[in-house]
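Everything on this sheet refers to the single structure shown next.
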Amino acid sequence: MGGVSAAVSKTAAAPIERVKLLIQNQDEMIKAGRLTEPYKGIGECFTRTVREEGVLSLWRGNTANVIRYFPTQALNFAFKDYFKSLFNFKKEKDPYWKVFGGNIASGGFAGASSLVFVFSLDYARTRLANDAKAAKKGGERQFNGLVDVYKKTYASDGIAGLYRGFPLSAAGIFIYRGLYFGMYDSLKPILLTGALQDNFFASFALGWLITNAAGLASYPIDTVRRRMMMTSGEAVKYKNTFDAFSQIVKKEGVKSLFKGGAANILRAVAGAGVLAGYDQLQLIVFGKKWSGGSG
């Protein structure tokens, strides 16, 4: 059920997703000649994209994102329950620190495990979302669709091109998913009690705060990994993760690691909807209430 709520949430948030990625990766786009001048903010990026590419372009890359996100979320929730059973902690008898740590570890391992199966789709989504019409190149796009991304990347860089940035992505997703699931599962039984226990809006608010906290903690990693993805098929590439991080900070400053962060706060609405929606779907379909660390 997690995959269904995720697909709906991500489709609704697709415009802000694309704006976030455009702002986040604009420096790589400028280097490659895909963008003439930097975006001045969320509003300017949104209006310029609509003006130059049309309203429907705000959903560019969404097909790959839905294809990716459906199995990602389904796998995340399934793996999370699996790893929680391996850690075998119980809210009723184990100390809070063990439950909290177990929830974070379960979420982290779940995210990293899921990434193995869907990373190339995340890469394709990133390339499509950042494939703005280049004025210097007659308004042409670099890719004609999802399959074209795979074909051109494989032709220029081989399989490695489709997995550029994978190690860093695994580390980033461990941090993000660990906090995302771990904090929610650990804080929910403390904060959402009594009348708030099964309240959708209370779950949504908690999910939104946690999604923002997890996103902020892992955002610099997300920026570096996506910018590494953007170099597949380009003449100049970063040597490794450290080289990418050091070059970006040296040439653009630390603040460049957080470009698109404001859009990420709005994007967190989708993540909050997934957490709250998953709880409600469990109640409606299975009559199952949240039962603590043991899942």
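Placed from the backbone N, Cα and C atoms, the Cβ positions cover glycine too.
Note: TrEMBL annotation is automatic and uncurated.
Segment annotation: TrEMBL labels transmembrane segment over residues 161-180 (candidates 61-80, 161-180). With helix defined as DSSP H, G or I and strand as E or B, the repeat 'Solcar' (1-86) counts 70 helix, 0 strand, 16 coil.
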